[in-house]
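These notes concern the structure reproduced below.
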Amino acid sequence: MPKTLAEKVYDAHVVRSTEGEPDLLYIDLHLVHEVTSPQAFDGLRAAGRTVRHPELTMATEDHNVPTLDILAPIADPVSRAQVEALRKNAAEFGIRLAPMGDRDQGIVHVIGPQLGLTQPGMTIVCGDSHTSTHGAFGALAFGIGTSEVEHVLATQTLPQYRPKQMSVTVEGELAPGVSAKDVILAVIAQIGTNGAAGHVIEYRGSAIEALSMEARMTICNMSIEAGAKAGLIAPDRTTFDFLQGRPHAPQGADWDAAVEYWSTLRTDEGAVFDAEVVLDAGTLTPFVTWGTNPGQGLPISERVPDPAQIADEGERHAAEQALAYMGLTPGTPLTEIEVDTVFLGSCTNGRIEDLRVAADLLRGKRIDAGTRMLVVPGSVGVKNQAEAEGLDRVFVEAGAEWRGAGCSMCLGMNPDQLKPGERSASTSNRNFQGRQGKGGRTHLVSPSVAAATALTGRLTAPADLTTA
Amino acid sequence: MDAFTTHTGTAAPLRRSAVDTDQIIPAEYLKRITRTGFEDGLFVAWRTNEPDFVLNKPEYADASILVAGPDFGTGSSREHAVWALLDGGFRVVISSRFADIFKNNSTKSGLLTVVLPQADVEALWAAVEADPTTPVTVDLQTKQVTYGDTTVPFEIQDYVRWRLLEGLDDVGLTERHLDDIEAFEGRRPAWLPTALPALPAL
């Protein structure tokens with residue numbers, strides 16, 4: 001029977017399957033960070049259990065990490081205690097940890113691919129919903145809760161029900177200045193913030209195949225913002241080229257064996273999807289969100305929607321609440337919305353290619369005098385590479401702040417936060433109420449829209465920048 | 001975890017859709033390394049900023065069943081959202097659709113998530129708004145929600161229901177199949193990556 005890519009990866013990891021019970025799925029790689037793991041390690045200790053495969057587990061510090069003075073102890077005692085708990089747990093259970101200051105430290109979803117630990121056909125989990133990022137390599141990767149973290153630590157498996165299959169096909173060519181972020185924001189706006197619940201999304205089509213690995217990661221990263229279990233893309237030459245030579249990628253004869261297997265990881269002709277979504281890449285333009293969930297987005301050339309014109313009562317009510325929180329008036333052109341802060345970074349858009357795109361727009365220019373711009377590389381590796389390319393100087397000379405690696409302003413767990421009422425254009429993944437700090441207002445954007453917005457102080461498409 | 005068989009309590013109508021887990025409990029409360037004591041973070045922004053928020057109303061202060069709009073629990077995978085609801089006195093959340101990770105997390109700690117059609121959610125909202133003291137019974141054994149003269153059946157996977165009724169821990173259940181896990185491990189290709197030893201950067 002023809003299978004989808006996701007079904008192939010799933011089936012290759014079934015340890016045990018019995019009627020009336022969930023399948024037991026083997027987990028090839030377990031990524032761990034400080035926020036969702038301490039209670040899981042406590043659970044192991046309380047039950048007298050150990051970590052079954054420390055060598056299939058990799059930990060990093062990212063959510064609580066300050067992006068200034070990263071070698072000093074964390075000032076917030078609660079954050080510090082959480083990071084110290086991870087250090088103690090990693091040492092006690094023999095797990096590799098990339099702590100602050102380490103060359104491998106960074107956001108968990110940036111370092112997995114960077115180290116070559118993320119490979120096609122694997123099952124990858126982490127106590128973090130953006131684990132879907134790793135699907136860009138043709139891995140089945142998904143976020144789990146802390147109880148499941150404990151389960152994977154103890155058994156290297158998870159009980160799972162077979163997910164439904166959804167295809168998102170994007171054909172054609174993206175216009176200049178339109179990026180992977182715009183594609184995924186458009187997808188989420190179309191299917192809704194939980195529209196893919198119960199499904200794994202496979203992204204397909206010529207526009208997806210043309211994307212770099214960084215861009216594919218941006219798309220798969222936000223699968224969860226459509227409610228999907230995971231999102232993945234069939235591995236191809238682009239994938240193999242990205243992986244070859246990375247520290248943990250196979251070498252020599254192993255590389256050849258791996259590529260032979262990886263090349264089979266494609267959806268079969270005739271495989272059935274439970275749901276199908278089709279987008280024309282040529283019609284897409286830069287996308288921004290206006291509301292308080294990632295599905296509330298529009299092309300940047302549009303206006304703030306009028307809830308009175310929304311027929312569905314629930315959606316109308318949600319739009320009213322969102323606009324009240326966001327402090328926006330229906331009918332306002334999105335390009336007239338002024339921002340206080342621009343955030344470039346996160347597991348969605350904190351990779352080298354994202355920084356290059358933004359730097360290209362900022363080179364030789366100054367950002368708006370009333371706007372603050374934070375540039376936060378997703379990992380120490382990305383930071384070092386950016387500095388080797390001179391990108392840090394471009395940002396600093398433009399008036400932006402160049403920071404250390406971490407989750408930073410994506411979520412309010414470290415010192416990088418919006419103040420109440422402040423408004424941001426952010427390359428991160430969530431515009432939920434208070435996500436970037438209590439009372440903060442977030443507009444999700446691509447790296448190029450972020451850079452263009454920093455130059456003007458209001459939401460701006462790169463194509464609309466005057467050359468004057 | 002505590003077993004769940006049947007629960008009777010009053011219900012709070014949360015007329016909001018796509019309630020994300022950042023609203024259920026904001027990230028700043030996730031710095032704690034304990035598994036209990038999260039009730040102070042439960043819906044804290046809405047409780048603080050909106051005097052009319054349903055859980056600020058004295059008539060719903062003791063509610064143990066939350067009746068929410070569609071797409072409850074979207075966003076972050078934080079299991080703290082489940083813990084905060086339990087710590088805040090809730091044993092059941094009813095919605096027409098849940099986000100996958102939240103729903104899955106709820107089954108690990110004994111918070112029952114019940115899916116009802118939106119029309120049934122609306123009827124329940126109307127009933128508990130008309131009389132906040134209405135007792136609502138959620139019976140996992142008979143798979144029914146009952147209030148007043150109304151009884152609504154709900155579906156739940158038999159295996160998940162059995163685990164909740166027995167209060168069973170997943171790890172213990174999986175450990176019964178260690179032979180299968182070992183057999184699978186014997187078949188894994190040797191070239192699959194390991195994080196140890198740490199290899200030098202490029």
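Counting starts with 1 at the first residue shown.
Note that Cβ sites are derived from N, Cα and C of the backbone, with glycine treated the same way.
Quick caveat, the model's predicted, so the values are computed rather than measured.
Copied over from TrEMBL, here are the features:
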- A:CYS347, A:CYS407, A:CYS410: [4Fe-4S] cluster binding site (BINDING)
- A:424-434: compositional bias 'Polar residues' (COMPBIAS)
- A:415-444: region 'Disordered' (REGION)
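Outside the region 'Disordered' (A:415-444), and at least 6 residues removed from its termini, the chain residues within Cβ reach (under 8 Å) are 66-68, 75-76, 130, 181, 185, 221-222, 225, 288-294, 296-297, 325-327, 337-350, 354, 374, 376, 403, 408-409, 450, 453-454, 459.
There are 30 other Cβ atoms within 10 Å of the Cβ belonging to A:CYS410 ([4Fe-4S] cluster binding site). Around the Cβ of A:CYS407 ([4Fe-4S] cluster binding site), the number of neighbouring Cβ atoms within 10 Å comes to 31. Neighbouring residues of the recorded [4Fe-4S] cluster site, listed in sequence order and excluding A:CYS347, A:CYS407, A:CYS410, comprise A:ASP62, A:HIS63, A:ILE107, A:HIS130, A:GLY345, A:SER346, A:THR348, A:GLY350, A:GLY378, A:GLY406, A:SER408, A:LEU411, A:SER428, A:ASN429 (Cβ within 8 Å of the Cβ centroid). Proximity of A:CYS347 ([4Fe-4S] cluster binding site) to non-local residues of its own chain (separation of 6 or more, Cβ distance below 8 Å) is seen for A:ILE107, A:VAL108, A:HIS109, A:VAL110, A:HIS130, A:THR133, A:ASN221, A:GLY378, A:CYS407, A:CYS410, A:ASN429, given in sequence order.
Here the compositional bias 'Polar residues' (A:424-434) has, by DSSP, the following mix of helix, strand and coil residues: 0 helix, 3 strand, 8 coil.
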